[in-house]
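Database features, via TrEMBL:
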- 12-32: transmembrane segment (TRANSMEM)
- 38-58: transmembrane segment (TRANSMEM)
- 70-91: transmembrane segment (TRANSMEM)
- 97-115: transmembrane segment (TRANSMEM)
- 149-264: domain 'Palmitoyltransferase DHHC' (DOMAIN)
- 181-200: transmembrane segment (TRANSMEM)
- 220-239: transmembrane segment (TRANSMEM)
Amino acid sequence: MLAWSKSIGRCTVSFISVLLTQLALFLVPLFFSASPILIQLTLSALVLVVVLGFGGWCKRLLGFNASAPAFVFCSIFFIWGVHIAIVRQAISPVMDVLFNVEMIMLIIGLFRIMLKDPGFVVSESFSLGKLNDNSVLGVQTHNESSLLQMRARYCKSCQTYVQGFDHHCPAFGNCIGQKNYVLFMVLLVGFITAEISYIVCSSQFTSKFRVLEENRVESGSILVMARSTLLFCVLQVLWQGPFLIWHVYCICFNIRTEEWVNWKNYPEFQLNASSLSGENYQETSFKNPHNKGILQNVKEFLTLK
């Protein structure tokens with residue numbers, strides 16, 4: 001009962017955080033509707049940074065804890081609710097069905113990646129006597145050859161080794177490893193696709209119903225809500241796009257994010273150059289022993305088990 005009450009409390013805090021965030025974004029098109037879209041995007045980004053930063057400070061001050069996966073779920077349902085209540089009346093039935101299917105698939109995918117084993121390794125089967133602490137990405141490494149061959153890294157958040165560890169994703173509440181990396185990429189593409197679909201739908205709505213701005217009480221607020229959620233989705237695409245490109249790069253060259261950041265802590269990624277005569281130093285450079293060529297790397301990624 002105590003665990004359930006804590007979970008409900010964290011989800012409630014996340015729900016309130018989503019409402020406050022969307023309310024703050026609502027103010028941007030409300031007061032700057034005549035400004036260019038780039039100005040509104042810049043202001044929306046600043047508002048998000050201020051609100052999330054101030055909210056995090058308040059939660060730490062009051063001792064409240066939030067749930068990142070709950071924040072993601074609440075944001076999805078908020079956007080979906082705006083679509084159903086406002087945006088869908090101005091778009092074609094095909095676009096409406098397509099967007100609803102995308103949202104359903106996103107929710108199913110989120111549940112799957114939260115519950116799916118990313119590749120946990122039973123730590124009792126290894127000797128865990130020597131551990132090297134890393135401050136980057138909250139990871140510990142182990143020097144045993146059996147762990148290195150599996151590319152298993154220790155995640156402090158999950159407190160276990162994960163095979164093919166890439167990073168711990170707070171938004172999904174799980175590690176991203178060998179067994180769920182493909183699902184993670186599918187979800188990332190799904191998020192970007194759904195957000196672009198919503199941007200298209202809400203753009204059609206605002207263009208078709210701009211004439212209703214004369215009624216500032218009802219139609220004006222509806223248009224502002226559609227506009228603010230559009231800005232929110234554009235900001236999401238702007239950071240998720242480069243994030244997707246980064247992971248495509250990692251797949252093409254068979255490297256994990258954690259390995260790229262912490263390569264100096266893993267001997268298999270180090271290439272020691274011979275020191276010059278008369279000089280007392282040795283230069284260490286990066287090498288990727290797992291790179292088998294782009295085609296073979298992509299094939300290996302698609303057949304991850």
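Just so it is clear, glycine is given a Cβ too, placed from its N, Cα and C backbone atoms.
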> What are the helix, strand and coil residue counts for the domain 'Palmitoyltransferase DHHC' (149-264) according to DSSP?
Replying inline: 75 helix, 14 strand, 27 coil
> Do the transmembrane segment (38-58) and the transmembrane segment (181-200) come together with 3 or more C-beta pairs under 8 Å, pairs six or more apart in sequence?
Replying inline: no
>> Applying the under-8 angstroms CB criterion, which one of 12-32, 181-200, 220-239 scores highest with the transmembrane segment (97-115)?
In response: 181-200
